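Take a look at the structure below.
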Amino acid sequence: MSQRPKTRRPRPPEVRTLWVWWTPAWFCTSGRIEWGVRKALLLFVAVCFTTASVAPAAVAVPVRSTAGLRAYFVITEPAKTVQAAAAITQNGGTVYAAYDAIGVIVAHSSNVDFASKVRTTEGVQKVGATRTGDLPADVANPPLPPAETETATTTPEIDRADMTQIGADRAWTKTLGAKTVTVAVLDTGVDDQHSDLKANFDAGKSASCAYGKADTRPGAWRPIADHGTHVAGTIAAAKNGTGMIGVAPGVKVSSIRVAESGSDLFFPENTVCSFMFAADKGVSVTNNSYYVDPWMFLCPSNQDQDAISEAVKRSVAYADSKGVVNIAAAGNETYDLASKGSDDSSPNDTTPAPRQVTNDCLSLPTELPNVVVVSSVDASSAKSRFSNFGEGKINLAAPGENVYSTVPGGGYQAMSGTSMASPHVAGVAALLRSANPKLTPQQVRAKLAQQANDIACPTGMSASCKGSATNNSYFGEGLVDAAEAVGAAAGQPKGAISVTKPAEQLGFGGAPALPLLIKGMGGSGVISYSANGLPPGLEIDPQRGWITGVLTPGAGRYKVTVIARDGEAKTASESFFWNVWSF
Ligand SMILES: [Ca+2]
Ligand SMILES: [Ca+2]
């Protein structure tokens, strides 16, 4: 696969395209590989996942025919990396970076036997290639991303549906968050000069971790793609009268750039570097809206993938031990993480090949212990079609569709994906830490779970949603609650709000439907209404709960879910069928 040229400036027009799950067909055909390789890591991109058409095949292990420079993890016991350095040198390698506290070395070598030789060294526990291709020439002299040309907006801030949905607007009446709390965005870099981010940007806790070694030169953290800046805005865009407002507009946000320019990939050594840097700099929360490239799932039966898993796992555990709360996106493949079967997108740094995977194979960092995993919901708190799910795999849900946030150069854009859901939770974690700086990561996770607003599985709609009304495979503990995090809303008994369950409805295509009243009860404050799956032609009045309209000609049986939401964002939902006949 040829490298995609660096065409970010000027951006090709399609980069401005809103990425939503109903991806156009071209994405799934001719353009697929290029975009897949370039963007598969970014969890705001819908991947055309075609399990049915994938034939089981052996894992592709690219054969090394050339002696280019490759990167490896060499793993020892913690605090024992110095002893392994000699073996690395003796076998034609160099130590590029060493993380002694967790026993992880990033080594470079052109020796095709490097891994097998070093594996036999006493004190070395695991060795694995971090990539399936050669290191780019840039590794010798990493480029600094250029500063953006900024155009400040004068557009006033308006209420955004995602912020109202999680109670962030009510949280702001109590607190905007504390300047002592920094959320690190592990991503494609952040535009620190954006007028909505500049005041909240923490350069002292920012770096590039491209190639696996922290680069703190000013601007190294800057963007090589839009994604990280969008994530940063959702967390902490300023409440300054223009643009938009992040969940925690009074906290600091830093950029730890994981992605490399050229490939835009989030390689494992970059990820390890990022968690170590975040931990050692004392950041409070990290947001991780990506999976570690080049493998969508890391399988322990493969020595390379096993070493990658071990290194990333240790770095996340290290961050956790230093008090960092790690939040991650669930992923956008509509994949059941509790029932894995196939992966046709790995390795994405060379040539992907279909392979069978088991539940032992993990998506990193999402499936590591103590990582808070976030699925995506729409404005009605229904699961986003693209969102991954899985029993025991999801902690919380947050809005991830048409999320309006900052992009490099001073602008704004709406994007969709679990990438956009995760930073809502990172922002709420930052509010919790602002309200109580002494909370341990475990306590922050417990509060996020307790305060979440339950979302039950859609009744009868999908067998893939498993679990109870209070914790299930689609939404985990429920929708994250920013208001309750800062004491701007009381915790409520579960089920305090309810909604009428309508009887099965009958209507005729081309004729007005009999008006149907949805009625929410209980809860606190004003109740609003929404509905999913209405027959074409009908709509619900969000204030009054009436469903009215003229049915579009045509027959069908529609599964409708109605949702009532109270003033504290607690929701209740019911489903029923609407049958449409036509003559
Ligand atoms: Ca603003
Ligand atoms: Ca719950």
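Glycine is no exception: its Cβ is also placed from the backbone N, Cα and C atoms.
Over in TrEMBL, the protein carries these features:
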| type | residues | note |
| --- | --- | --- |
| TRANSMEM | 40-61 | transmembrane segment |
| REGION | 132-153 | region 'Disordered' |
| DOMAIN | 179-462 | domain 'Peptidase S8/S53' |
| ACT_SITE | Asp187 | active site, charge relay system |
| ACT_SITE | His227 | active site, charge relay system |
| REGION | 338-361 | region 'Disordered' |
| COMPBIAS | 344-361 | compositional bias 'Polar residues' |
| ACT_SITE | Ser419 | active site, charge relay system |
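When other Cβ atoms within 10 Å of the Cβ of His227 (active site, charge relay system) are tallied across all protein chains shown, the result is 31. Residue counts of the compositional bias 'Polar residues' (344-361) by helix, strand and coil are 0 helix, 2 strand, 16 coil (DSSP-based).
Panel annotation: around the region 'Disordered' (132-153), residues 3, 9, 62, 66, 68-71, 108, 189, 191, 193-196, 208, 210-211, 215, 217, 219-220, 222-224, 242-243, 260-263, 294, 347, 349-350, 408-412 of the same chain, lying at least six beyond its termini, place a Cβ under 8 Å from a Cβ of the stretch. Straight-line distance linking the Cα atoms of His227 (active site, charge relay system) and Ser419 (active site, charge relay system), rounded to a whole number, equals 8 Å. The separation of Ser419 (active site, charge relay system) from Asp187 (active site, charge relay system), Cα to Cα, is 10 Å.
According to DSSP, the region 'Disordered' (132-153) comprises 4 helix, 0 strand, 18 coil. Ser419 (active site, charge relay system) has a Cβ environment of 32 other Cβ atoms inside 10 Å. There are 32 other Cβ atoms within 10 Å of the Cβ belonging to Asp187 (active site, charge relay system).
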